[in-house]
There are 2 protein chains.
Amino acid sequence: MNYFSSDFRLGILGGGQLGKMLLSDTRKFDIATLILDPSEEAPAQYGAFEFIQGDLMDFDTVYQFGKKTDLLTIEIENVNLDALEKLEEEGHKVYPSPKTLRLIQHKGKQKDFYNQNQIPTAPYQRFESIDELKKQAAGTGFTFPFIWKAAQFGYDGNGVKVVRSLSDLDALPNTPCIAEEMIPFKNELAVIVARSASGEIRTYPVVEMEFHPEANQVEYVICPARIEKNVADKARSIALKVSEKFNHVGLLAVEMFQTKDDEILVNEVAPRPHNSGHYSIEASYTSQFEQHIRAILDLPLGNTDSKVAGIMVNLVGAEGYSGQVHYENMEHILKIDGVTPHIYGKRETRPFRKMGHVTIVNPDMNEARKIAQQVKETIQVISK
Amino acid sequence: MNYFSSDFRLGILGGGQLGKMLLSDTRKFDIATLILDPSEEAPAQYGAFEFIQGDLMDFDTVYQFGKKTDLLTIEIENVNLDALEKLEEEGHKVYPSPKTLRLIQHKGKQKDFYNQNQIPTAPYQRFESIDELKKQAAGTGFTFPFIWKAAQFGYDGNGVKVVRSLSDLDALPNTPCIAEEMIPFKNELAVIVARSASGEIRTYPVVEMEFHPEANQVEYVICPARIEKNVADKARSIALKVSEKFNHVGLLAVEMFQTKDDEILVNEVAPRPHNSGHYSIEASYTSQFEQHIRAILDLPLGNTDSKVAGIMVNLVGAEGYSGQVHYENMEHILKIDGVTPHIYGKRETRPFRKMGHVTIVNPDMNEARKIAQQVKETIQVISK
């Protein structure tokens with residue numbers, strides 16, 4: 001084990017904000033890190049030992065990039081898995097493994113996997129095309145509304161839709177998909193699990209996504225979740241089981257629903273640092289980014305406890321603004337104790353584009369929650 | 001005020017570990033930052049918007065570098081001040097100002113300044129040469145031992161020596177210097193003061209340097225210092241006064257002695273992030289590096305309180321080892337909760353070279369202190 005100021009080369013597929021935040025910790029440990037990303041404006045282009053521009057879905061590009069590194073990880077799931085499989089066959093270390101990624105990349109297979117492993121999840125049906133789904137939805141025994149999910153390539157709410165009537169299906173792409181029963185839930189929760197190559201495993205506390213009462217949009221990620229201890233324990237133990245069954249290495253963010261009856265249903269997973277863990281940079285003893293690096297390098301895992309309560313607010317582009325970004329009222333939120341903005345480094349804002357996030361930490365959760373609202377109501381991502 | 005993902009360019013003179021840690025926060029805020037450093041192996045070469053190799057003492061190099069930036073700061077005091085003065089005359093923003101730097105660069109002038117401003121400091125005499133000092137020391141009224149300090153260009157204990165007899169002076173360079181009375185002290189303390197361009201000012205808690213009982217070498221920087229509240233209050237208020245009198249912008253690390261009679265004497269200052277503030281990355285609401293950036297950009301200052309107790313241990317090259325660095329037993333210290341190593345990225349170790357540091361955080365100071373000792377006794381910076 002000699003990763004620090006050495007000839008060891010870590011490769012990361014993807015150079016978005018997650019890659020950028022991973023680099024903050026590879027720099028801290030002085031682990032030489034190479035980044036592959038298609039965009040010349042990738043947030044992670046600074047801080048890398050080498051930044052290479054290239055297509056993450058192209059076999060040769062990913063394969064050749066992999067050959068330049070001693071260990072490969074990802075910050076985005078949509079990468080060329082055939083290349084990763086070939087690298088793995090050739091004895092290259094790839095975490096998470098392409099096998100895990102293939103399962104997770106496909107929502108139909110992911111749901112089947114939960115059923116096969118007795119992991120509670122919402123009832124669903126798989127379809128090879130929207131036409132097949134339409135045929136069945138037109139028949140009897142199909143309840144509206146339901147959730148349509150594209151089997152592949154969805155991100156940030158893309159590829160997910162509430163279907164209220166047959167005609168809603170007309171707007172959807174004719175690709176493999178699933179139809180999922182709509183579960184009325186009390187809370188949307190998430191647990192990040194870290195698992196190292198040698199099997200050491202730790203879970204972060206349960207976080208809660210608080211939604212806007214009308215807009216049905218996540219406004220705050222809150223750690224710890226304001227739920228009863230037995231529900232939190234159940235969520236953590238289910239997340240642990242998911243992690244063990246996937247046999248993954250690195251981080252696994254497990255998104256879950258807490259039903260009206262306090263059942264926990266697994267919604268979906270992400271095998272990498274996750275938006276629901278951003279609070280950890282300021283609030284936790286070990287940030288999710290440092291933890292991911294520890295896990296894939298088979299270093300001992302760090303303490304997942306929090307020092308203080310943490311709340312995360314996403315900074316997304318305001319509606320009606322496109323172009324060179326301007327962070328309006330930044331000086332007002334910086335005045336408040338315990339407020340840390342993270343600016344991802346995207347020059348152009350667009351409505352709803354993820355441009356950054358703000359973490360609020362405080363010893364007192366109620367105080368943190370008040371400040372989070374103040375932050376949300378103050379800062380605006382606009383163009384000038 | 002538009003620093004974030006904008007055309008604004010921050011320049012930092014020096015690309016050592018302090019520059020590297022500053023970059024961690026300029027990346028977080030996406031502030032485009034240029035680094036000037038003479039070494040092609042500078043730790044801060046990664047993460048900069050642009051890294052320029054060049055001599056920090058050369059007028060033209062510093063001047064031209066400054067012209068490429070909108071605001072200039074430093075991570076090392078020994079830079080060409082004439083260039084900074086010319087830039088300032090031309091309306092360029094330079095923080096800390098060359099005037100403050102000129103005072104601080106010269107230990108004789110710095111001491112005079114304390115006297116002129118009724119800031120308590122140990123008695124001293126200034127000399128233009130070692131010969132002048134020798135003449136006087138040979139006469140009556142001079143008490144041994146005393147502390148010799150070179151007036152300029154000292155760093156990390158270089159340029160400071162305990163003089164026990166006349167013959168000790170023979171080994172010293174014939175440069176301007178001061179002779180300072182040796183004060184028996186209970187504790188060596190430090191307070192970091194942040195002051196923004198518009199005059200907002202905040203002090204960090206008092207930290208304590210714990211020395212090895214025999215080797216007389218700082219082993220631990222401990223925050224908060226384990227001293228009585230009235231002593232801590234006095235230290236903070238003296239640090240505030242020093243900051244106001246220097247009228248500096250940015251950080252000012254004020255190193256002090258707590259005498260046997262609980263008097264506070266100012267030893268010296270550094271107008272930049274400082275070794276005594278490294279603990280703040282993990283322990284404080286606002287790290288000293290983020291705070292320095294806030295101060296020089298005239299952003300509101302962040303909360304200087306700690307979330308948890310913090311102790312910092314320097315990682316210096318072990319005696320008897322030179323060459324390609326190896327961090328022995330790193331995996332053992334990573335196993336302990338609340339332990340974060342920072343590896344600066346210097347490939348070659350040498351005896352006593354500062355290669356990194358380790359921060360230990362814990363809600364309980366006694367626990368943190370025990371772990372710090374364990375860390376210190378475990379990790380070794382050697383070559384292989």
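One-based numbering along the chain as shown.
Glycine is treated like the rest: Cβ placed from N, Cα and C.
For B:Glu188 (ATP binding site), the count of additional Cβ atoms within 10 Å of its Cβ stands at 19 [all protein chains shown]. In the three-state DSSP scheme, B:Glu188 (ATP binding site) is classed as strand. As annotated by TrEMBL, ATP binding site applies to B:Lys107, B:Lys149, B:Glu180, B:Glu181, B:Met182, B:Ile183, B:Glu188, B:Asn267, B:Glu268.
Sequence annotations record features per position, and here TrEMBL assigns domain 'ATP-grasp' to B:111-297.
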CB contacts for B:Met182 (ATP binding site) [other CB atoms within 10 A, all chains]: 15
Cβ-Cβ neighbours of B:Glu180 (ATP binding site) (radius 10 Å): 19
Packing count at B:Lys107 (ATP binding site) (other Cβ atoms within 10 Å of its Cβ): 23
Cα-Cα distance, maximum over B:Lys107, B:Lys149, B:Glu180, B:Glu181, B:Met182, B:Ile183, B:Glu188, B:Asn267, B:Glu268, record's ATP binders, Å: 19
